[in-house]
Each structure stands twice: as structure tokens, then as C-alpha cells.
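Student: From TrEMBL, for reference:
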type: BINDING; residues: D66, V69, G71, D73, S75, E87; note: Ca(2+) 1 binding site
type: BINDING; residues: P163; note: substrate binding site
type: BINDING; residues: T194, D246, T249, D254; note: Ca(2+) 2 binding site
type: DOMAIN; residues: 24-326; note: domain 'Plant heme peroxidase family profile'
type: SIGNAL; residues: 1-23; note: signal peptide
Amino acid sequence: MAFFHSPALLLLLFLSLPFSVQSQLSLDYYQKTCPDFAQIVHDTVARKHATSPVTAAASMRLLFSDCLVGGCDGSVLVSSNVFNHAERDAEINRDLPGDAFDVVTRAKITLELSCPGIVSCSDVLAQATRDLIAAAGGPSYKVELGREDSLVSKVSDVEGNIPKPNQSIDELIKLYTAKGFTIQEMVALYGGRTIGFSNCKEFSDRLFNFSKNAPTDPEINSKYAEALKKSCADYEKNPASSAYSDPVTPGKFDNVYYQNLLRGMGLLASDHALVKDPRTKKFVEMYAGNQELFFKDFGHAMEKMSVREVKTGGKGEVRIRCDAFNSIKH
């Protein structure tokens, strides 16, 4: 019986266990188990983008929130919990457009019909976001696959982990560097705001209540400020009032966002902050004059973002429904 206690044999048996296989991400993770994965996500994205172009910005914001808070594990997709195992991620979900949740859900339903129980929701979100950015005219970058979905979603994890509209440049740099990003990568990622919009409540102080002596921030381009005031005139009565982050080419993923910043057309205080500090302004100027470089650096930063603190090797699960855990654990 001593044979069964051989260290070499025990090691061999351990390495042959299923949970040790496919514990790392790879570009072709679903090649054998779900060969139609990429096509299903692509087709779902194409249909959604055609009917709702804002989905690209919504999906990117959803991915950022997911990856910055707890790692790219689909925790942001969970809508409810029954016991104390997780709490609704209300602080994130309340401001995220439904289009992003919808495109992930549609793709996941089709994937469950094609290869049930194989593809994680976090992989769907990562792949769909890349495809949506490309559909909006942006760069197509590599998406490594094999993430597992989280078993926890806590609202208490949100505070301090996602950027806020009025944060200073010091606060933004501290946040992103703590997450492992360089200042240049942070500025490149902010270029994703070239598509999408922000609610008026997020920048109303810059228009109507900047200071006692100047109700409007004097550093905002005057014509731009007047246009925003008209768009947001009734923002207190209409919480849905919003404005495009890039008013020049709002539906196109390009480098015009940076050009706007240099013209005093940064929508949020955090946008404008990028051109007021020499640590970030040099990168704004660089990307404003070179879209190809911006696309390259944005793609690399997104590759890094989309694999941040992923779960593999049995540390998570493959959810059947993206908005709910497979089971409630006490």
C-alpha cells in the first residue's frame, strides 16, 4: 500500500485533476468547447449597435466598473441577492444604461443554446465590449478568454474604486496607479469618452453654480457652455437630461475627445483636469495629434484592463444567467 503514498504519484494525480486544467486565459479558450462563441457575440453586437449606437459606450462603462471594483468577473451584472451572500451593486447599476446589460444578456442566451454552461458572463462582456468599440470605429484589440464569474457582488466594494466626475487629477492618478495603470494608460483609457454621454447632474455645477463670482466655469469654452446650458436647462426636473462627451463626433470612436479638451470643451471637471496638469496634458496633446497612436495605446490599455484580477481555476463559476448566481451559498 506504500505505493499509493509515493510523492511522485500524488503529484501526478494532482496535476491530472480537472480543476487544474485551463486555469489560465487564452485567445482560443473556446475553440473546442464553443467554436461559435466569437461569431455569436459578433452577430449579437452588430444587431444591437445598428439599433442602439450608444451601446458601445454603455458596455465600455460597464466593463470599467466591473474590472476596477472587484476584478473582471461579472459582479456588476448581478441584479439581486436573496440572502447576505451578495448585495445589489446599486451604486454602479443605477447610472449604467440598460443597453449594455441587454447586449450581454442576448449573447448569453444564444450561447446557452449553442454550448450550455460553457461561456462565462464576464467573457461575454469583455468580448462584446471589444466588438462594440470596433463597430463604433475604434481599434480591435486582443481579448483573452477563460474568466470565471464572481460568487460575490458587494455594494461596499464600490466606494473609492471607480472615478467620479469631479475628482481632482491627483485623486484620479492615485486611483488608477493603485489599480496598476500608468498615468499614460489612464489618459488613453479616458479617450473612451469620445463616445457616450454624461447626465447633466454630473457637470451642472460647472454651468450654474461654479462660484459666487462666476456661476459658470470661465475655463469652459463660452459657446460650448451656452449650448450645454440649453441642453441642461431643466436637469433638476428631468434627471435624464444629458450631453454627449464629444459634441463634435459623438457616435464615432476617434481622437476628437482630446482635441475638444484642448479647446476648453471638456464636459466633466475630471475631463478638464486632464489638460490642466502637465503630467497628463502632454499625453492629451500627443493623442490629439495622432489618432493611430491613441488607438494603439488605448487597445493595449484595454487588454490590460479586461484581464485585471480575473478569476480562473475554480475560483468562480460559469453563470447560467448573468444577473444571478447559480446557487445561493449561506
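Cβ coordinates come from backbone N, Cα and C, glycine included.
What you see is a predicted model, and the numbers here were worked out from it, not measured in a lab.
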Student: From the Cα of D73 (Ca(2+) 1 binding site) across to the Cα of T249 (Ca(2+) 2 binding site), what is the distance in angstrom?
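Tutor: Here the two Cα atoms are 32 Å apart.
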Student: My understanding is the cutoff is Cβ-Cβ under 8 Å with a sequence separation of 6 or more in the same chain; which residues meet that for D73 (Ca(2+) 1 binding site)?
Tutor: D66, S122, R147, E148, D149, S150, E309, V310, K311, G316
Student: Which of the binding-site residues V69, G71, S75, P163 has its Cα nearest to the Cα of D254 (Ca(2+) 2 binding site)?
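Tutor: When the Cα distances are compared, P163 comes out closest.
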Student: Between G71 (Ca(2+) 1 binding site) and P163 (substrate binding site), how many Å separate their Cα atoms?
Tutor: 15
Student: If you count other CB atoms within 10 A of each CB, which of S75, T249 wins among these binding-site residues?
Tutor: S75
Student: With a radius of 8 angstroms around the mean position of the C-beta atoms of T194, D246, T249, D254, what other residues of the same chain does the Ca(2+) 2 site pick up?
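Tutor: Close Cβ neighbours, site residues excluded: I195, V248, P250, K252, F253, N255, V256, Y257, N260.
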